[in-house]
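Colleague: Provided herewith is a single structure, encoded as structure tokens, for subsequent inquiry.
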Amino acid sequence: MRSLHILLVITASLLASLAVSAEADPSTRTANVVENNKDKSRFLRDGGTTEAQTDEERATITLGDKVVSDKAATKDLLERLLALGTPLKTVQKEFLNMPLIKTFAELSKHPNWRALDKYERMQWQKLNEGQTLTYMRVGDRSYSKEKAQEQLLRWVAQKKTVKSVYDDLQIEGFARNTDAARLNWRAYNMYDKWFTAASQMQRNPQQYAKFGTGYHSEQKTTEVFEKWAMEGTHIKSVIKTLNLNNKSASEMANNENFPALLKYVKLYLDFKPFRDLNAKSRLQARRPIS
């Protein structure tokens with residue numbers, strides 16, 4: 001308890017000094033927080049776009065209107081609090097200066113919401129070591145972050161509207177503190193970014209994708225992708241080939257290879273009947289003739 005008190009004092013002092021420093025010297029002022037999540041009803045657009053949001057993984061700590069703790073510093077603080085076994089409500093109230101009795105929709109507007117959400121996930125992973133953290137749930141099916149990304153990419157390739165995904169992920173329950181909305185909000189934000197990026201994509205057909213030996217034209221890329229799709233090369237492998245692995249949703253959406261990834265996902269889906277037919281033919285060929 002004494003260790004927690006000392007950490008609280010140090011943190012409060014650090015945040016206050018950083019805030020004063022940023023206010024006193026404009027040259028050292030940190031960037032303002034990118035507009036936080038608004039009430040999810042504002043994102044109801046039937047195939048439309050949404051304003052850019054801060055990335056779901058980039059938790060920071062804010063005091064007033066200044067970011068006073070970057071991603072790395074925030075992670076370090078949260079790890080220290082986790083090691084001390086600090087309760088979630090204590091982190092929320094004492095370290096993140098967030099009200100305790102609020103709906104998810106109201107809390108999501110607070111600049112420290114992502115830091116709170118990150119700490120909650122860190123707590124779960126510590127208590128459930130070795131288990132995969134559920135990132136998205138649709139109906140009775142649960143998805144890890146990797147599998148959720150693949151499913152969301154499929155929906156983008158199929159041009160599934162933001163409104164439809166909003167409904168499937170039950171985000172309307174955010175204001176009622178439903179478990180589904182609380183779990184799925186990151187996946188919804190990820191889809192919103194990708195759908196928006198897909199609707200605005202423009203690529204040079206002569207330098208359509210960069211992989212392997214360098215840039216390839218759209219025609220060459222399509223030829224290679226069709227071969228891979230026919231062979232059943234998994235989407236995860238192509239994400240790695242296009243150097244899109246280990247990137248946030250925003251980084252992927254802004255990457256020059258994102259249009260190519262969506263092209264492959266579409267081809268992968270389109271070629272599934274042919275892969276299934278080939279698999280059936282190979283199975284029949286292996287059966288002994290009676």
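Cβ coordinates come from backbone N, Cα and C, glycine included.
Feature table excerpt (Swiss-Prot):
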type: SIGNAL; residues: 1-24; note: signal peptide
type: REGION; residues: 33-56; note: region 'Disordered'
type: COMPBIAS; residues: 36-45; note: compositional bias 'Basic and acidic residues'
type: MOTIF; residues: 42-58; note: motif 'RxLR-dEER'
type: REGION; residues: 118-141; note: region 'W1 motif'
type: REGION; residues: 151-174; note: region 'W2 motif'
type: REGION; residues: 224-247; note: region 'W3 motif'
type: REGION; residues: 249-270; note: region 'Y motif'
Colleague: Across the region 'Y motif' (249-270), what are the DSSP residue counts per state (helix, strand, coil)?
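Modeller: Tallied per class, the region 'Y motif' (249-270) gives 18 helix, 0 strand, 4 coil.
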Colleague: What are the DSSP helix, strand and coil residue counts for the region 'W3 motif' (224-247)?
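Modeller: Secondary-structure composition of the region 'W3 motif' (224-247): 15 helix, 0 strand, 9 coil.
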